[in-house]
Amino acid sequence: MGVVIESSVWELNPSIFLFLSVCCCFSIFLYPHLSNLNLNRTSTIFEHGVSSSFTRFQRNFLFIYSIASVVEGLWSVFGEFELASYGIGREEMILSLCYGYTTALFAAPFLGMLSDLIGHKKVCLIYCILHFFVGVWKKITQQPSIFMTSIFLSMANTIFSFSFETWMVTQHEKQGHRLDSLNDTYWLMTFFESACFIASQMFANGLIGNSMVKNTAPSSAVIFLAIICFIFLTRGWTETPGATSFKEYSLSFYAYIFGDKRMWLLTLAQACLHFSIGILWILWAPTVVADGREVQLGLIYPCFLGSRMLGSTLFPCLTSGPSSFRIEDCLIYAYITLAALLLIVAYDYQEIGVLVTLFSLFHACVGFILPSLARLRTMHVPNELRGGMMGLSLAPANAAILLSVGGYYRNVGNAALMAFGVFGLLLAAGCMHALKQCGKQPYHNWHKQ
């Protein structure tokens, strides 16, 4: 007589999505009323009846950024499905990650400096071209090369991580808007990016359906959206690249970035954050399913992004108004909280509900840290060198992730890899403490108040 083994299925409570949605809506619509105590505060996109050049500028940029975010999110969802539909195993998937991170390791500093030299808008256009090319290639090729696909998508992801922000900041300064009005745009970028990633997952799932065969519908969608994004970028604000030569730029970069301890601290803090996020995205799924129960990972992914949306709404509440906290102090506690959350996971805790809660809290803290670091970049980094500095910070993070992927391939334990992430986050907290001790940065007068 055969033995029937019943499989156990763990399901996420649907009320979690309702809770996150209500909290996010409550936060973004309540914030303008709570922050009226701040007399110097500027208007936000959610304040109705306000007509100003800044509001139009902010809405136009967020619209373009949202389209780019949907394009970026589509490949992150469709890519894993595509590899599985081709029958590609674990070793090939790890090899694909290695190709991508190796490309980003060398491309990030180059693309960041190129963005400063030729103009950020042109590099954003390159982002659209890369996605268009990959979409066309996947549509006409039966089985695209993993090597070439990983390279192009990694370059596009690298551009997405800094060029849109630097383009927005330079245009913000060029149009003469107040510096403090950037703070709202920073957290709204994180909020809209996360929301668009959720929308792209729903869009990709609808295009793929239940079929496990080759499906070109997502590629067609990426091609269409890349063209739309390209058109709106070309019709956007005009950009005049600086007349600085490469030699002059190199001298300035060496003097203001390599020659200033503040820049080293901020760069290292950014790199540690990128490293910990990369480690978490590689390991969260294997960690959740480690106890053998069946889990619908596609429903947990939006929960993480919703938590990041909610975390981004904490940024204006804590850093603006008469009761605002110093940004370095907030980041110190945020980094320590991230380290504590990863440390609990590193002890190989396998209760799925607790793991999902810990990962959601992790993303909520990330949602707060991302706009906070953007604000610090505005305070410390000259706009003329911002792209190069952000690209430079990605290089050590990609190198560390590449080594971690190699360790994962050689069956290094998940707990050991997450322990490295904990160390990096504690190091980032120390960098924020040292940055606070350095006092007010010397380039404050470079930016319009």
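Any Cβ shown, glycine's included, is placed from N, Cα and C.
Values in this document were obtained by computation on a predicted structure and should not be read as measured data.
If you check TrEMBL, you get these features:
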type	residues	note
TRANSMEM	12-31	transmembrane segment
TRANSMEM	61-81	transmembrane segment
TRANSMEM	93-111	transmembrane segment
TRANSMEM	146-164	transmembrane segment
TRANSMEM	185-204	transmembrane segment
TRANSMEM	216-237	transmembrane segment
TRANSMEM	263-284	transmembrane segment
TRANSMEM	330-347	transmembrane segment
TRANSMEM	353-376	transmembrane segment
TRANSMEM	388-409	transmembrane segment
TRANSMEM	415-435	transmembrane segment
Below 8 angstroms Cβ to Cβ, which residues of this chain, lying six or more residues outside the transmembrane segment (353-376), approach it? 10, 12, 165, 182-183, 186-187, 189-191, 194, 266, 269-270, 273, 277, 280, 284, 287-288, 300, 303-305, 307-315, 318-319, 327-328, 330-331, 334-335, 337-338, 341-342, 344-345, 435
Do we see three or more Cβ pairs under 8 Å linking the transmembrane segment (330-347) and the transmembrane segment (216-237), pairs being at least 6 apart in sequence? no
Among 12-31, 61-81, 388-409, 415-435, stretch most in contact with the transmembrane segment (263-284) (C-beta, under 8 angstroms): 388-409
Sequence-remote contacts (6 or more beyond its ends) of the transmembrane segment (146-164), Cβ cut-off under 8 Å? 64-65, 68-69, 72, 75, 79, 83, 88, 92, 95-97, 99-101, 103-104, 107-108, 111-112, 115, 120, 123-124, 126-127, 130-131, 133-134, 137-138, 189, 386-387, 390-391, 394
Hey, would you say the transmembrane segment (388-409) packs against the transmembrane segment (12-31), going by three or more CB pairs under 8 A that are 6+ residues apart? no
Where else in the chain does the transmembrane segment (216-237) make close Cβ contacts, counting only residues six or more beyond its ends and a cut-off under 8 Å? 60, 63-64, 67-68, 70-71, 74-75, 77-78, 121, 124-125, 128-129, 131-132, 134-136, 138-139, 171, 174-175, 203-204, 207-208
Same-chain residues at least 6 beyond the ends of the transmembrane segment (12-31) with a Cβ under 8 Å from one of its Cβ atoms are 44, 46, 191, 296, 299-300, 302-303, 306-307, 309-310, 313-314, 316-317, 356
